[in-house]
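Annotated features, as they stand in Swiss-Prot:
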type: BINDING; residues: His103, Asp126, Asp130, Asp229; note: Mn(2+) 1 binding site
type: BINDING; residues: Asp126, His128, Asp229, Asp231; note: Mn(2+) 2 binding site
type: BINDING; residues: His128, Gly129, Asp130, Leu131, Asn132, Ser139, Gly140, Asn141, Asp180, Thr243, Glu274; note: substrate binding site
Amino acid sequence: MTKKKGIDIIGVPSTFGQRKLGVDLGPTAIRYAGLIPRLKQLDLDVNDKGDIKVSAVDIEKFQSEQNGLRNYDEIIDVTQKLNKEVSASIENNRFPLVLGGDHSIAIGSVSAISKHYNNLGVIWYDAHGDLNIPEESPSGNIHGMPLRILTGEGPKELLELNSNVIKPENIVLIGMRDLDKGERQFIKDHNIKTFTMSDIDKLGIKEVIENTIEYLKSRNVDGVHLSLDVDALDPLETPGTGTRVLGGLTYRESHFALELLHQSQSVTSMDLVEVNPLIDHNNHTAEQSVSLVGTFFGETLL
């Protein structure tokens, strides 16, 4: 963080961006794993604002085949509500820590944050680019589209909530190992700074994070949002997430990455998404997530 701020925790129990029930329980699982006391032990001012109100899941509709964008009205509703909550936190000079929920919630959080910065940078720590558009998405799952929407392309109603779009050149993708054809082309066309798992293997996570920080500084960003999807981590270690891709970042690599980001004091807001306790092992992924967040906010062994 650029300076020590109080933290507002905002839960978003939304599962509407994808097809697996359980990710809506992510905020509860993360809290149950000890997030609040973990942060308070660091002598941080922590305010848990609870969860935003999300529509109940209509199981029959949720499990059915839907034409076009899945659960679109529900996602608009979640986006609007989250946008207001996050914006209020920033106006009160607080650090918004948003707990998902699936990654479609980033449409609401980042669109709110970008209104308060002139040149926001985004670190997308994820196995996927989330850069699809409806025309190129066979699934219609909006959790595969948030970053593209935030750059100004996508469904009209969601774009209207995003008045200050993210510049593609202000984005850094870390952990990529599953990209659709259209996403690969978009990354190439816009020269988005990208670190695939192959790059991380070659460079090491230390150099990747240091390069990320320096790159965003060179872009003269005035804030940095970290969007951390737990599927960036390898599912053999971090199983409780819905879109698993083998060969991901290790738990230790991720700890080190977040330690370096803490030391940089550059990140001004954060999402933590895609924790699904229904497909986890004894809440292991939520516990890992709490430990990672602790490291990000300055927790050390000694």
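Think of each number as a place in line: the chain as shown, counted from 1.
Placement of Cβ uses the backbone N, Cα and C atoms for every residue, glycine included.
Sequence features, as recorded in Swiss-Prot, placed on the structure.
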residue	record	Cβ neighbours (10 Å)
His103	Mn(2+) 1 binding site	31
Asp126	Mn(2+) 1 binding site	27
His128	Mn(2+) 2 binding site	25
Asp130	Mn(2+) 1 binding site	25
Asn132	substrate binding site	28
Gly140	substrate binding site	18
Asp180	substrate binding site	16
Asp229	Mn(2+) 1 binding site	25
Asp231	Mn(2+) 2 binding site	29
Glu274	substrate binding site	30
Study note, to complete from the structure: Sequence-ordered binding-site residues within 10 Å (Cα) of Asp229 (Mn(2+) 1 binding site), taken from His128, Gly140, Asp180, Glu274, are His128, Glu274
Review point. Quick one: which of these binding-site residues, Gly140, Asp180, Asp231, Glu274, have their CA within 10 A of Asp130 (Mn(2+) 1 binding site)?
Key: Asp180
Exercise for review: With His103 (Mn(2+) 1 binding site) as the reference Cα, tell me which of the binding-site residues His128, Gly140, Asp180, Asp231, Glu274 is the closest one.
Suggested key: Glu274
Review point. C-alpha of His128 (Mn(2+) 2 binding site) to C-alpha of Gly140 (substrate binding site): distance in Å?
Key: 16
Review point. Could you give the Cα-Cα distance between Asp231 (Mn(2+) 2 binding site) and Asp180 (substrate binding site), in whole Å?
Key: 16
Check your understanding: Could you give the maximum C-alpha to C-alpha distance in Å for the residues His128, Gly129, Asp130, Leu131, Asn132, Ser139, Gly140, Asn141, Asp180, Thr243, Glu274 that bind substrate per the record?
Key -> 19
